[in-house]
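Below is one structure, written out as structure tokens, with a few remarks after it.
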Amino acid sequence: MDILINALEQMFTPATAAFAIAAIGLNFHFGLTGLLNMGQAGFMLLGMYGYAISIREGLPMWLALLVAMGAAILFGLLLGWPTLKLRGDYLAIVTIAASEIVRYVGRSNTLVDVTGGSLGIKGKDYKGPLEELSPFPDERLSVGPFTYHGSASDSWWLRVVAWSLVALLLLVFWRLSNSPWGRVLKGIREDEDAVRSLGKNVYWYKMQALIIGGVIGALGGVIWAHGSAVVADAMGRPTTFWVWTILLLGGAATVLGPVVGSVVFWAALSLVRAVAKEFIPESILPSTAIEPFGLMLVGIALILIVVFRPQGILGNKKELAFHA
Amino acid sequence: MFTRPDRRFYRAAALLLVAAAAFVIATLVIGGGPADAETVEPVAAGTSTATLVIQNVINGLAFGVLLALAAVGLSLIFGTTGLSNFAHGEQVTFGALLTFFLSTNEQVTIPLVPGSFTIGLPLWLAAIIAVIVSGGTGWLQDKLLWNPLRKRRVAVLQQMVVSIGLSLALLNMLQWWMGASRHRLTNASGGRITFGDFYIGTQTLMSVVIASIALLAVALFLLKTRLGRATRAISDNPALAAASGIRVDSIIRLVWVMSAALAGLGGILLALFDNGAGFDSGARILLLMFAAVTLGGLGQAFGALVGALVVGVVSEVSTVVIAPDMRYASALGILIIVLLVRPQGILGTKERVG
């Protein structure tokens, strides 16, 4: 029973929301436009740094959010400029390389005064402004089986903010993907040359998609930072791959896919860990092996989804986003 | 796409040498940055920047040759199948960890098998077995995964995401198997050979010699044997190759075996060079391998060598100016800059790539 409650809890954590947001961003890249952005973790990390450092230096929260989004816009411009004219896998390699550069630079000792090196930035340096806005009392509250603090860190307040943001971004995605603009992006995904022959500036449309998705990724990073802390190594390549698994699991190019994917992903991962811990004896699966064991299953799940159900849980087989 | 080294090759090589020289000179001029004191293997204190740069070039060339050996398989697979294989890093790790598993005197375990035991083979024998088993994993992978995917006509980008899933699964499997700590293949310190102000470790020198021989063998295979010619034909045009009677599937199977075995060997030699290997050492250099392959020109077998030498030298020499924990960032930065000015890579032919 505890296992089930725990899994239920995992469905609505701020981290689940943060990954859903990052996957919505990736849905603009991959689902709508067919861009292979393998550096979504880099966008998230830049958003986290932009936000946390601005607040630590005394800027107000709305300005810090603008800084986070601005960092993502610059990063998107920088990445898109050389690669959006090239074949798809070039973008994949460059985005993954660039997001690793962000991580290397962030964790480097050279910049320890700015980014906090590999230890990162502590929550108390940047969580204040959002927590002060909380209408909830400053104590632990229980609703049913769930108990969290009202407003500090991993709190009810953060859950409300995070999931409201998810709802808002879903609305944005739904409206944009059905707009004339979204239809051009889908056209680029299906047949770039056809869209180009209609006189559309394909390069610039791709750039817009890359930037919008990246900005949304940065917002996901800000939410994630509020739930835990700003640490460069938490945003390595595995994070990008999880976001991909979430998007493909839920269904690329669908509105609700990223959210369904994220909820199912984190609940399933929690279930697997708990069940493995409970029912497999220590001599066969030592407790240090449970984490890699769970993540190994994530990898296998990703392979199976892509091979057998590339449209994901919600997707439409006709609107497959994989085009070579 | 695999062409004989011709005029173009020499022109590109000359260009590269000039660029490398310019880079070294620029570093010498800017030189003497904050990182002097904490380079990975500091030369005796008080040495000039020039000595430091040249020592780093030597280290970088050694690292580049080993990286080339690990990366050549990535390039071969891309050339023949069009797949950017993200699971290649784990093949590199696997070679190193299997060698450790077979040769160490410590207790080792296998996941899901209770109890621990010692195998303790001599290092050379363990390495040979590890390379053969690595090749076997390549065979198995193509048999069970990639060949069926090609048969189902799964798009190349979809296969790429499959390889990402495979990489995630293998990485965690390796961590499960070997734990999170680093393992040393040998405890012998090896000593070093000095010439003038410079030195190279004996172990490193031996690794470089072995890697060079293996690279030469690959080059001879591609240029001189019928199978090698068939491989190049498939890279050029798979349909035409099939029509002229080449068994495309068996050649691709062979390429998988070769590239997995070469990656395994590269992993073992890199572990000797790097004083050990952990479950993520291949994953760490995966992007450097991609950088090498892309720099040289995607799918150009000899491009991987040229690209890897550039990546090796740039990442080591850059430690003169920037902090050593950012040296891989500089190599990846070079990748992005090269894609800006010459997207087909150093050796690639000028064709439309987008």
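Using N, Cα and C of the backbone, Cβ positions are placed for all residues, glycine too.
Just so you know, TrEMBL annotations are computer predictions that nobody has curated.
Small disclaimer: the values here were computed from a predicted structure and weren't measured.
Residues annotated as transmembrane segment in TrEMBL: B:61-80, B:92-113, B:119-140, B:160-178, B:198-223, B:254-273, B:285-314, B:326-345.
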Notebook entry, point to check: Okay, the transmembrane segment (B:285-314) and the transmembrane segment (B:61-80): do they have at least three CB pairs under 8 Å, pairs separated by 6 or more?
Noted result: yes
Next item on the list: Could you check if the transmembrane segment (B:160-178) is in contact with the transmembrane segment (B:198-223), meaning 3+ Cβ pairs under 8 Å among residue pairs at least 6 apart in sequence?
Entry: no
Check: Can we call the transmembrane segment (B:254-273) and the transmembrane segment (B:326-345) in contact, meaning three or more C-beta pairs below 8 angstroms at a sequence separation of 6+?
Finding: no
Notebook entry, point to check: Excluding the flanking five residues on each side, which residues at least 6 beyond the ends of the transmembrane segment (B:92-113) place their CB within less than 8 Å of a CB in that stretch?
Noted result: 70, 119-123, 125-127, 129-131, 133-134, 137, 170-171, 173-174, 176-178, 183-185, 263-268, 270-271, 277-283, 285-286, 289
Checklist line | Distant-in-sequence neighbours of the transmembrane segment (B:198-223), which means Cβ under 8 A and at least six residues beyond its ends | finding: 2, 4, 51, 54-55, 58, 62, 65-66, 68-69, 72, 186, 188, 190-192, 229, 231-232, 258, 262, 265-266, 269-270, 272-273, 301-302, 305
